[in-house]
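Below is one structure, written out as structure tokens; the observations come after it.
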Protein chains: 2
Amino acid sequence: MKPVKVGICGLGTVGGGTFNVLKRNAEEIARRAGRGIEVAQIATRQPNPKCDTTGTPVTDDVFDVINNPEIDIVVELIGGYTLARELVLRAIDNGKHVVTANKALIAVHGNELFAKAREKGVIVAFEASVAGGIPVIKAIREGLAGNRINWVAGIINGTGNFILTEMREKGRAFADVLKEAQALGYAEADPTFDVEGIDAAHKLTILASIAFGIPLQFDKAYTEGIGQLTTADVNYAEALGYRIKHLGVARRTEAGIELRVHPTLIPADRLIANVNGVMNAVMVNGDAVGSTLYYGAGAGMEPTASAVVADLVDVARALTTDPHNRVPHLAFQPDSLSDHPILPIAACESAYYLRIQAKDHPGVLAQVATILSERGINIESIMQKEVEEHDGLVPVILVTHRVVEQRIDDAIAALEALDDVADKVVRIRVEQLN
Amino acid sequence: MKPVKVGICGLGTVGGGTFNVLKRNAEEIARRAGRGIEVAQIATRQPNPKCDTTGTPVTDDVFDVINNPEIDIVVELIGGYTLARELVLRAIDNGKHVVTANKALIAVHGNELFAKAREKGVIVAFEASVAGGIPVIKAIREGLAGNRINWVAGIINGTGNFILTEMREKGRAFADVLKEAQALGYAEADPTFDVEGIDAAHKLTILASIAFGIPLQFDKAYTEGIGQLTTADVNYAEALGYRIKHLGVARRTEAGIELRVHPTLIPADRLIANVNGVMNAVMVNGDAVGSTLYYGAGAGMEPTASAVVADLVDVARALTTDPHNRVPHLAFQPDSLSDHPILPIAACESAYYLRIQAKDHPGVLAQVATILSERGINIESIMQKEVEEHDGLVPVILVTHRVVEQRIDDAIAALEALDDVADKVVRIRVEQLN
């Protein structure tokens, strides 16, 4: 068969990696795909010093690629929402298939893009948009297609995981590690997307959609960052047998879908609690398969390129298939999506770690216990530390059983109103993930 | 679209699970596949008490299913080599697609079956044959299609991993745990396939083939069981910072392909070293993606059914595709398979844990060090224990750097010839897996 012609838009980290992998592994890829996959054109504003593009036409206008009649598949790697959206829509309009690593684009504009792609009988593939090189979208969408998925939970932001790993292993403060991550190039100059959980929420939105058969609903995801975490809580969690991870959790309940990104205590003996540094991992629990886990590099030049190239091979195979019998973009047939609602965070259910800074008076513990029990909140374990010298306060640390969040909100308000409780109550969600 | 009609041959554990999952998740599966997947006939000698087959035709002759013109896909779950081979060949002859969980059949007869299937334009799908519900075949064959795979390493026998986990966590002896595993139903009455590594070698043969693009060559796999492992070695390994796992390792080197199943020391902080009980995990290292890991239940009624049903959905989708543009059975196009040879174990390279039972004489350590250094074997770490009271012997435990196995064979022969060395030298391979 004739080689498939690919146009790469954006020759930055992922674009450069994609170009290099396609070139280096050309023979291996053709042995699998049954045909070559060739880069016919590249659009980039500046050359990538890591790529030798000799012999490949380069333009500085992405629309040259979109309009190039020779090109079968457009690889969108420019990032952002606005130009990327326009680019992909125009590519689809021109009857081209699209492969993208752009999680923000898919999470925010995916419903629109997929509808348009169906209309035109083309594919928009996005494996690289979640967890870099880990083929987790394929695993959920195809590998677990026999299951009713119960929940998905993932460490899907490498920057955040690097920071938490350093905080735990070296007792360093958040701000200190963040500075290092920025120096190492793991974190952006503006780290908001990473540390506030927005990047993770983009990815979680995509995972939830393909797991549960619901439309993409990024605007309904709850996000809480890791900037408020203290080494004190990291250490207390450790003493209780937990690790703190910045986790994306999507769970199907009868009332609706939970879709939330927040710091989470996980039992230290879980595999996912031991995923360290910039690595990613996603757990998927299905009714037939039970819990599964997928681990690997969640970002980086070649790991992300690995996913882009896998999509290119898939699309190359699908070029001759019946468009009505392909794997649907969001795993479920577009006319079979569910309108099961996304739950507000107050209606989500979890266990909770609470740290209460109490004055060292008799009876405080009884007051705390009463407030919780009146709201039907059961205590799983409790730990009272020595008086801390500098302020005369006693940290009371407890882990509750699972309960709906609204009750914890109420309890925290009541706790904070007590005369014997100083400061805000620290609340971190707890997931067992078994 | 019309529902796809499936015939299930064998209603044992996996067959029963497949029937139940297809029935329970019928709606969810149809929402994904775009059409129903219906069991049109079952062949079984006896009913499965866990399945309500009311309304589904049941026969006791598997060939009724093969010859049923209504059936599109035959699910082979009877196990074994002989009848299963005949069954699958006849199904293919009748133009039917086949889904199987039979690792022995694929590892031993796969080349023949796939050739025949290509001839007839049908698919033989076998995700369930390796690591149960973990979609690792799909991950390697499609999800990592852009990579040159360097190595695969897996805990792919749950029985063996259960035994090793119990030995380590509770200090129990091999024979003792094996008896319990048999009582629990994890191990067969004849445990040879599991504890001698034959079952793992079947699975590893399949993984190596799809990872490296080589024909299935089960007869060339090296296997070493876990029956000789002592709690002493488990504990020494622990003291050195390692865990012992029964690992299947397939590695591509310039000289050829390593294909070996044996007890292996793995650094205790690796994720795969922390995969416990009956769970499975497979690591795959590719040149672009780096190391990835896939974890889940490697056996059991519904986890294995999860993989069978995923294959059914894949085949249902492929029914309308161009047979020449499908994912090849062994990941690579049949005319592009490599004849890179499988290496004999003496030519494989690894690091080694050696336990030498030495007499408590001065100079023994010097003799040991000389024998190793004369053969170019470097020592990574060494640990000499106190004299053991009962026999006056001093266990000398050491871990070498990586070296070709032939040199270790020579060194062990020389060590065992020393007057000051009693007993056989214990040798366990060591892999870093990073």
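Keep in mind that glycine also has a Cβ here, set from the backbone N, Cα and C atoms.
Bear in mind that TrEMBL entries carry predicted annotations, made automatically and left uncurated.
Features reported for this protein in TrEMBL:
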type	residues	note
BINDING	A:Cys9, A:Gly10, A:Leu11, A:Gly12, A:Thr13, A:Val14, A:Gly15, A:Gly16	NADP(+) binding site
BINDING	A:Lys103	NADPH binding site
BINDING	A:Glu188	L-homoserine binding site
ACT_SITE	A:Lys203	active site, proton donor
DOMAIN	A:353-430	domain 'ACT'
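On the 0 to 100 pLDDT scale, the model's mean across the domain 'ACT' (A:353-430) is 92. Taken residue by residue with DSSP, A:Lys203 (active site, proton donor) is part of a helix.
Here the binding-site residues are A:Gly12, A:Gly15, and the one with the most other Cβ atoms within 10 Å of its Cβ is A:Gly15. Apart from A:Cys9, A:Gly10, A:Leu11, A:Gly12, A:Thr13, A:Val14, A:Gly15, A:Gly16, the NADP(+) site neighbourhood in this chain, defined by C-beta within 8 angstroms of the site C-beta centre, holds A:Ile8, A:Gly17, A:Thr18, A:Phe19, A:Thr44, A:Asn48, A:Leu77, A:Ile78. Ranking the recorded positions A:Lys103, A:Glu188, A:Lys203 by the distance of their Cα atoms from the Cα of A:Gly15 (NADP(+) binding site) places A:Lys103 first.
There are 26 other CB atoms within 10 A of the CB of A:Gly10 (NADP(+) binding site), with all protein chains counted. Taking H, G and I as helix, E and B as strand and the rest as coil, DSSP gives the domain 'ACT' (A:353-430) the counts 24 helix, 33 strand, 21 coil. When the C-alpha distances from the residue listed as 'active site, proton donor' to the binding-site residues A:Gly12, A:Val14, A:Gly16, A:Lys103, A:Glu188 are tabulated, the minimum falls on A:Lys103. According to DSSP, the residue listed as 'L-homoserine binding site' sits in a coil region rather than a helix or strand. Remark: of the binding-site residues A:Cys9, A:Thr13, A:Val14, A:Lys103, A:Glu188, the most isolated position is A:Glu188 (fewest other Cβ atoms within 10 Å of its Cβ). Distance from the CA of the residue listed as 'NADPH binding site' to the CA of A:Gly16 (NADP(+) binding site) is 18 Å. Cβ environment of A:Leu11 (NADP(+) binding site): A:Phe19, A:Ile42, A:Ala43, A:Thr44, A:Gln46, A:Pro47, A:Asn48, A:Cys51, A:Thr53, A:Leu77 lie under 8 Å away, each six or more residues apart in the same chain. It is 16 Å from the Cα atom of A:Cys9 (NADP(+) binding site) to that of A:Lys103 (NADPH binding site). Packing around A:Gly16 (NADP(+) binding site) is summarised by its Cβ count: 24 other Cβ atoms lie within 10 angstroms of its Cβ, all protein chains included.
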